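Annotation comment: TrEMBL describes C78-C93, C98-C110, C105-C123, C136-C148, C143-C161, C155-C170, C219-C231, C238-C253, C265-C283, C277-C292, C300-C312, C307-C325 (among others) as disulfide bond. As annotated by TrEMBL, domain 'EGF-like' applies to 406-421. The repeat 'LDL-receptor class B' annotation in TrEMBL covers 511-553, 554-597, 598-640, 749-791, 835-878, 879-921, 1057-1099, 1143-1186, 1187-1228, 1361-1403, 1404-1446, 1485-1526 (among others). What TrEMBL lists as region 'Disordered' is 1616-1643, 1798-1852. The compositional bias 'Polar residues' feature in TrEMBL is assigned to 1618-1643. What TrEMBL lists as transmembrane segment is 1670-1693.
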Amino acid sequence: MPPPAGVKSSTDCSCGRNHFTCAVSAFGECTCIPAQWQCDGDNDCGDHSDEDGCMLPTCSPLDFHCDNGKCIRRSWVCDGDNDCEDDSDEQDCPPRECEEDEFSCQNGYCIRSLWHCDGDNDCGDNSDEQCDMRKCSEKEFRCSDGSCIAEHWFCDGDTDCKDGSDEENCPSDVPATTCSLEEFQCAYGRCILDIYHCDGDDDCGDWSDESDCSSHQPCRSGEFMCNSGLCINAGWRCDGDFDCDDQSDEKNCTTSMCTADQFRCRSGRCVRLSWRCDGEDDCSDNSDEESCENTGSPQCAPDQFLCGNGRCIGQRKLCNGVNDCGDGSDESPHQNCRPRTGEENCNLNNGGCAQKCHMVRGMVQCTCHTGYRLLEDGRSCQDVNECAEEGYCSQGCTNSEGGFQCWCEQGYELRPDKRSCKALGPEPVLLFANRIDIRQVLPHRSEYTLLLNNLENAIALDFHHSKELVFWSDVTLDRIMRANLNGSNVEEVVSTGLESPGGLAIDWIHDKLYWTDSGTSRIEVANLDGTHRKVLLWENLEKPRAIALHPMEGTIYWTDWGNTPRIEYSSMDGSNRRIIADTHLFWPNGLTIDYAGHRMYWVDAKHHVIERADLDGQNRKAVISQGLPHPFAITVFEDSLYWTDWHTKSINSANKFTGKNQEIIRNKLHFPMDIHTLHPQRQPAGNCRGGREKASWLGTCHCLDKFLLFARRMDIRRISFDTEDLSDDVIPLADVRSAVALDWDSKDDYVYWTDVSTDSISRAKWDGSGQEVVVDTSLESPAGLAIDWVTNKLYWTDAGTDWIEVSNTDGTMRTVLIWENLDRPRDIVVDPVGGFMYWTDWGVSPKIERAGMDASSRLVIISSNLTWPNGLAIDYESQRLYWADAGMKTIEYANLDGSERKVLIGSNLPHPFGLTLYGERIYWTDWQAKSIQSADRRTGQARETLQDNLENLMDIHVFHRHRRTVLTACGVNNGGCSHLCLLAPLPKGYSCTCPTGINLQADGKTCSSGMTSFLIFARRTDIRMVSLDIPYFADVVVSVNVTMKNTIAIGVDPQEGKVYWSDSTLRKISRAALDGSHYEDIITTGLLTTDGLAVDAIGRKVYWTDTGTNRIEVGNLDGSMRKVLVWQNLDSPRAIALYHEMGYMYWTDWGENAKLERSGMDGSGRLVLISNNLGWPNGLAVDKAGSQLLWADAHTERIEAADLNGANRHTLLSPVQHPYGLTLLDSYIYWTDWQTRSIHRADKDTGANVILVRANLPGLMDIQAVERTRPLGFNKCSIRNGGCSHLCLPHPAGFSCACPTGIQLKSDEQTCDPSPETYLLFSSRGSIRRISLDTNDHTDVHVPVPELNNVISLDYDSVDGKIYYTDVFLDVIRRADLNGSSMETVIGHGLKTTDGLAVDWVARNLYWTDTGRNTIEVARLDGSCRKVLINNSLDEPRAIAAFPKKGSVQEWEHLGLVSDSEERSVSMGERLTVGLGLISFPCLYRIYWVDAHLDRIESADLNGKLRQVLVSQVSHPFALTQQDRWIYWTDWQTKSIQRVDKYSGRNKETVLANVEGLMDIIVVSPQRQTGANACGVNNGGCTHLCFARVSDFVCACPDEPDGRLCSTVPGMVPPVPETTSVSERSQTSPGRSGSSTTKPHTSLEATEVNGIERASSHPCCSFSGEGLHVSYIIGGLLSVLVILLFIAALIIYRHKKSKFTDSGLGNLTYSNPSYRTSTQEVKIETIPKPTLYNQLCYKKEAGHDHCYTKEKIKIVEGICLLSGDESEWDDVKQIRSSRGGILRDHVCMKTDTVSIQASSGSLDDTETEQLLQEEQSECSSVNTAAATPERRGSLPDTGWKHQCKPSTESEV
């Protein structure tokens, strides 16, 4: 059949000569129309292509002619509305006067000022969004597109900027990321959770997590495994849809079967049949759009007429008297056209037209005004209902005659286009879950920020706007969490009873939390804090996913993607449930409600569609059906939809009406999940439509008196008998992993349960409150539980230990009742009435036994026809015992003695487990039937199923309040028992029992005070004891109220009954009483890995070995008087043992050359006993009775013995798998074994009779055997401590006196000084330590100053003996005594970054630099009289030193000074070492400095000449100091303190190694702080501050008055003014103090200029005074001689410069990375310098303005020494003081520009200038690698505030 007239099916679109060719359609078709139809004002082509570019017809005089040809009313012109739809009616309009609170658009519109720069194009021409780019904060990184992201996202492997600029130009040598055990490392280093490995999703971004998945766990039945490892529904295989990410589900397919409502594409893919021939390529191969010409009539455009033959013609050609259709269907008689008279014209009766009349080719053509349409008669007009067109108005629409009016819901406002609505309030934010974090993005901008991170698997999400809370579900942790919207206060809301919470919704009106769980197939609700939880819907739910609420309507909506996918809704109380969509659904994932539009939207990931419908499910329509690979979640705001897509890892948006204007908001995300629009209009205020009744039902709960209680492994639930539906509620409990046994106590409303995963017994109130662990130690598989409600006892069975135990209900006074002949005991019940307990045993010989509740009268009552006897229950009324047997598949009963056994139920019992009785019913759980059932307890009939489809059902009980009351002897004074009173059968009635390990005394009622003979061992996280006083081995935890992390070594003091232990993670040694009381830490500093510990109970000392520091130390039992005994030639010392009587200590060393050594207990007489055939010698013990030494070697797998001198070595036991701890008692040795996780025993002489003491003890470490009744030996130091003032230590020949570490013993060999005389004092962020230089061990001793966070600078005041330090974490300056006491804050406010500190010990002043405020300040040592000395021309001043002997203050930015008063040298380092020595004659000094970039230490004179390399290859020094012939420095990279000979640079030594965060270092010595000046006596007569200068001093006043009158005249107190007005007082500011007098030092102004900024005019080595001393004159002559010699040396030096320097020595180069960051981040590079570095740095060029330009100044990074031109010097100083000026443009530094300034009386400006002029070509430069000014704001030179967690091997 040929195509309709005018339509050509060929793609060849050339029409005939008298025809016009229309534009090609979307189907590849072209249309031909008669040529005269072109430009006739009629849409004949259907796409207006025949009217494009035509001279448009004229409109009537009453109308306005739009540019697009449309005619509108002239009154609509310039009314602010776009009536022409091309905005031509609003062009060239006079500017409209906008109101004060409005913004004037460029197109003349007026919008609200609040809409300006809010990200929305409200004007229509985007003129309201022409805004300056927002400035990023210091903690943000600016992307190339101007957006801001978190700074730590820069170069993190994730593309966070939309343009990817955050991952460009990243350093290639980024240290490799170390992932944890629970993480998988992607190819490029990123860490993801291991559960994402081989899950089929590209979580890494490079698919590296989905490679090599062949060994991955196979898919379940009914699933198909993709090649990538992803599991999909098997029904999706070969369905034509690519469900696998690698498309492997569609490979090797034959033909796919499509359903009746689907169309099969050529590729085999199935698409909806309705998509066939809809003009869109849904098949991706266009096969659904082929051969569509016969599928139906073509659709004409709205302004066209459909002819009878299928042809489309323009509407104006209707009834024009011409057969335009060709079949006459456009004319009479088909259209009832009125006959034409031939005399018609528009002047006569308007041509018969109702509205507009036009003459076209001599005939009347009627048209209508805008808002009307022409009727079929061609004359009449009818109003157009614009409101019928969807999306014409955003929200509300009211039609009127010839027009319409759009309106908005409350909370919205009509935009200037009068059609769309804008939400009032803040800018909308898209909040979305990203699995590992929750982020927020602004949809109209590129702003992208992090809200919460370090999450496991965040899926569902919602928020509560008014309470500023965000809620999310985690399907890995099975938790629902919440936090504040600012990311703070993260807390769990629901933590139990969840399996896969995939949907979340907040009722913001009634403050309720709703969620779906596809694992439990439930919808639940609770309060916002998780309380009053209730299962809302559970029937006919399969896999509920998304959930949305409409609180104003009182309804909830949810999707279910089970076997019958559907969308449902119900009332908010679960009633009125109804299905609103159940066709054409497969994976209905996301769901959202448009509250303003009264519609719902959802996504279907399988059908790749976004659909919408009314809230009742009517008017369903697809909005977007293309370009949706895997949509997951959706939200709506204003006129836009936003959705996440798993496949594209993106957030997208589109118009909610048309699906057009699709845009990618954000892509390259990790794994976008749920999404919501954070805006108050998404949670509008309102009330529940039916009042509050329906929503407030959850608010209160009544007390339950009777309910069924059952365990389901991961949760514990209850079913109230008071409700008809018997629905179960989850008791909100935390950390329930594998609950098995249950019981209850109605007296305190407690529920008890056992957990075989955590091996614990816990309890909580029946409503979940008051949860606590009762027993959590020495349990292996607690399978049965019973409550004695009469005496408040807790009984339980343990199938792992094969014990039955009892304790009080709070877990105290625990003891083992039965430990013999048990084989996997299971359930247990007690009968307080009869005094018996009953239990089942399902071992090799299954049986049911009974015994008295005190373990007496034990008897087997049932032993035949049993397989798996599980649940037990007692019927007190009929005196029967019921049990369930899962092997026999029966429920039986018998009398309490086992007689009259009968089967109650013997059929349809697949696997009964729990059993209980209540009333006339028996209840049980069944594993296989997955149900809870009941029956008549007497007959077994009337069976009912209470709940089904419940996995992992365990124990069951009925909670009620009618348990029998029993009077017993234990109820009166506890039966007279000191500890436990247990019931027993009559006539005995009861018996007394003691806690485990303690014997009952002869009176039968009282227990001993404790264990006398026992083993005590460490198990990393606890310490346990095994009593040797009782006939069985049971371990008891020493209940120390402290958290142990890694307890290794252990020792016992039997005299005081205390246990000592070391914790290598907490790095401390602690002690406590054997009952756990009196806990205290005795050693908390200077420990790394304390592997060995021994208590000398006789000498009252504790010894320990440290594998990390390679030391053996000793101290008193309280940790005092600590001393290093052995520190040389140790390589991993471990076990240590003592023999006080002989004066020996023994230790093992398992380093590279393993050995066993001995020395005196004072460290003397060291001797290697055994050094061959040793591997890992771990345990060590001394057999005093047998005079032998025993040790355990884990490498050789032996326990060996030898004589005490190492002879007669022999093997006791071999092989032993991995022995660690070793001890002996009497004739036995005991050892712990890592491999077997057990404690073993054997004969100590033969190694025979090996038995297992305790098993299943992971983490076993050291062990000691103790016999407290054994007498101690003789103490050699018992008489007056041996006459020693401090330590008295035994040795074989007697004893010796010793001093604490670092202190030398005096010549009397008995007494010690209180502290070292000379020592190093250094800071390491969180500590201040000292190293004595009086002794050779160089051991660091912590100064116990409290509350240290980030200590940087140090100084010491020898007068008061106090340490002064800066803490940049707290921004304070503090001081403390050397013993750590009397810590006080000196300066506690007004500080930002206090880098440098200096003590003037003479004038009692404290100087400091503040990098953050660019100031140098001073105050008295107590913090009073604070004054700013310098606050201009400073750019981050750092180090500072005071030299009070000559009254000078030296301040070096970024550089450090050290003075040597003996050798008169100055060392320059990376940091200034404060207050070390004096620089009294600077002209005779030399300068030492470290170059952290060139890795060397150099020296020169003060003029920078005679430069020499002292030490090369220094890693990264930080601070320097000097003492005697040594230069000491701290090194960041090697984490050590090192020293070299200051003369030769040789003899380099490491003083202290392996110290994190090393900072400042100084020397404290009696020779350091000496000298005097005028301020040293009576403060110079000054009232406040006294500043000494070279020859005189000045007085000064503080910046802030302190209430005391201040005078700048020494010895003079100014008179009190009688009246002083406020204005008069203000004239004398802190910076100016009165008028100057004739004395040069009385003016504060002079003080500031002469004493600080401007140096004295006296020459370097001259002095002023009334007369010159002869020595001064001689000194002056000698100085002249020295200068002449110096000049001569300089000449020689210039000729032989190569002797002192190399090619790289042309500049003082220095790299100063931020020391606010972790030491792990120190990056050192060596960059070759260009020749420009050796040239003159500043080159002045002639210019009329004498100004410097970028071309005129040649600057390489850093400081440059200048020429002698005074103007040039001034210009450079001006440039130097301008941050961000010319200097910054050239410097390109990550750290800041280095400057050297002096504020003293030693050099004035002229002399400084002369000094600089002497070396015009020399340039000191600072090189900072790869930093730019643009990155300065985002990478500041700060890093102290937040310490990074170290990740070194030693830390691990």
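Just so you know, glycine gets a Cβ as well, placed from its N, Cα and C.
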Helix, strand and coil residue totals from DSSP for the repeat 'LDL-receptor class B' (1404-1446) stand at 0 helix, 21 strand, 22 coil
Using the alpha carbons only, what distance in Å do you get between C98 (disulfide bond) and C312 (disulfide bond) once rounded? 48
Helix, strand, coil: count each for the residues of the repeat 'LDL-receptor class B' (511-553), based on DSSP. 0 helix, 23 strand, 20 coil
Write down the Cα-Cα distance for C105 (disulfide bond) and C283 (disulfide bond), rounded and given in Å. 45
By the 10 Å Cβ-neighbour count, the most surrounded of the disulfide-bonded residues C143, C253 is C143
Can you figure out which of C78, C155, C253, C277, C292 (the disulfide-bonded residues) comes closest in space to C110 (disulfide bond), comparing Cα atoms? C78
Measuring CB to CB from C105 (disulfide bond), give everything in the same chain under 8 Å that is also at least six residues away in sequence. I111, C123, G124, D125, S127, D128, P416
Mean per-residue pLDDT in the repeat 'LDL-receptor class B' (554-597) works out to 91
Cβ neighbours of C155 (disulfide bond) where a neighbour is any other Cβ within 10 Å: 14
Beyond the flanks of the repeat 'LDL-receptor class B' (1361-1403) by 6 or more, those residues with Cβ under 8 Å of it: 1315, 1321, 1323, 1328, 1343-1355, 1409-1413, 1419, 1421-1423, 1426, 1436-1442, 1444-1445, 1449, 1451, 1472, 1474-1475, 1569, 1571-1573, 1575-1576, 1579-1580, 1586-1588, 1716, 1838, 1840-1841
Touch test for the repeat 'LDL-receptor class B' (1143-1186) and the repeat 'LDL-receptor class B' (1057-1099), at least 3 Cβ pairs under 8 Å: yes
Same-chain residues at least 6 beyond the ends of the domain 'EGF-like' (406-421) with a Cβ under 8 Å from one of its Cβ atoms are 80-82, 105, 109-112, 122-124, 392-398, 595-596, 638-639, 680-681, 684
May I have the DSSP-based helix, strand and coil counts for the residues of the repeat 'LDL-receptor class B' (598-640)? 0 helix, 24 strand, 19 coil
Report, in whole Å, the straight Cα-to-Cα distance of C161 (disulfide bond) from C307 (disulfide bond). 56
Taking the Cα atoms as reference points, how far is C170 (disulfide bond) from C265 (disulfide bond) in Å? 47
Could you state the whole-number distance in Å separating the C-alpha atoms of C277 (disulfide bond) and C136 (disulfide bond)? 51
May I ask for the distance between C300 (disulfide bond) and C265 (disulfide bond), taken between their Cα atoms and rounded to an integer number of Å? 27
Spacing of the two Cα atoms, C312 (disulfide bond) and C136 (disulfide bond), in whole angstrom, works out to 58
Measure from the CA atom of C148 (disulfide bond) to the CA atom of C93 (disulfide bond) and give the result in Å, rounded to a whole number. 39
Quick one, of the disulfide-bonded residues C93, C148, which Cβ has the fewest other Cβ within 10 Å? C93
Got a sec? Which of these disulfide-bonded residues, C78, C161, has the most Cβ atoms within 10 Å? C161
Reported as an integer number of Å, what is the Cα distance between C161 (disulfide bond) and C148 (disulfide bond)? 8
